[in-house]
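**Q** Sharing the features that TrEMBL gives for it:
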DOMAIN    24-364  domain 'Major facilitator superfamily (MFS) profile'
TRANSMEM  20-49  transmembrane segment
TRANSMEM  69-88  transmembrane segment
TRANSMEM  100-119  transmembrane segment
TRANSMEM  163-190  transmembrane segment
TRANSMEM  213-232  transmembrane segment
Amino acid sequence: MAKEQMQVLNALDVAKTQWYHFTAIIIAGMGFFTDAYDLFCISLVTKLLGRIYYHVDGAEKPGTLPPNVSAAVNGVAFCGTLSGQLFFGWLGDKLGRKKVYGMTLMMMVICSIGSGLSFGHSPKSVMATLCFFRFWLGFGIGGDYPLSATIMSEYSNKKTRGAFIAAVFAMQGFGILAGGIFAIIISASFRDRFNAAPYEVDPVGSTVPQADYVWRIIVMVGALPAALTYYWRMKMPETARYTALVAKNQEQAAADMSKVLQVEIQAEPRKEEQEKAKYALFSKEFLSRHGLHLLGTTTTWFLLDIAFYSQNLFQKDIFSAVGWIPPAKTMNALEEVYRIARAQTLIALCSTVPGYWFTVAFID
């Protein structure tokens, strides 16, 4: 921007921390909460899916998803996420953060419900339907991901911007934790109501028919936080930075922020130097100013996500390998879901959630 900032943007940068900041953290953070729940709840139920749909009579161990099916069920949402980030990130710059924010939420609600309603006459059709809805769920999550962070950064002041953005990301930890806790409650409830023998005692009876409801309920509940957040997201005004700098409506930006900050802000007339300060993405000017920042951020984030998503998706296999949960054949299907959820919840409670909030406390 020009050296002489617009008053509305300067007011945002120097604003004292107010209640609206925390409201924005909660509203934007619920997007990350839902994203994490929807992405990682599948790891809680993949072993159950194998028992239900890929049981083999006479096999020594319970049924498991074939490698190609397991890869699709676990990974298809991330293919959608990558596509959604690129598409909705672009669309958010064209139509505005607020409009696109609502689109991504509705897509997440519809596809969460659709994932739980994956019906068919064969295991192949059920898995295909599940993967279809998981892809589009990921597409919506991909849009929500950058928009939530962008909205928070554009609402923040300079002094605590790092902590506010980190707090939005920290809601991911609560989403993972909520997924584990909810899976514990549901699996324990069904286990106590429909008691069954371990697989090694009764291979067929160890997976009760009602177990099919368990994974569907766990997957579908991801629609609730997204639906509950929709109203509050639609009440948020468009961010002033977008309205002033992209939509070129400084009067509207000033009016919106006057209500939010509860102070009088006057829109400044557009200055010639502000028009000259623009430069395109990936232009020489952009690369000279921010090229190293972009490269460093994307590279470290890429490396982080290899560990982060791998660990959260496949830690159930690690639990078995290190003996933290008993061999599958010594449990019935619902007991296995309960044990996996309990282990994942402990990991989230003792490391994931504290790690996020450690960053929130010290990042600035």
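Cβ coordinates are placed from backbone N, Cα and C, and glycine is handled just like the others.
Predicted automatically and left uncurated, TrEMBL annotations should be read as such.
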**Q** With a Cβ cut-off under 8 Å, give me the same-chain residues at least six positions beyond the ends of the transmembrane segment (163-190) that come close to it.
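**A** Residues packing against the transmembrane segment (163-190) from afar: 21, 24-25, 28-37, 40-41, 44-45, 148-149, 152-153, 155-156, 208, 210-211, 213-214, 217-218, 221, 312, 334-335, 337-338, 340-342, 344-345, 348-349, 352-353, 355-357, 359-361, 363-364.
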**Q** State the mean pLDDT for the domain 'Major facilitator superfamily (MFS) profile' (24-364).
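**A** Summing pLDDT over the domain 'Major facilitator superfamily (MFS) profile' (24-364) and dividing by its length gives 88.
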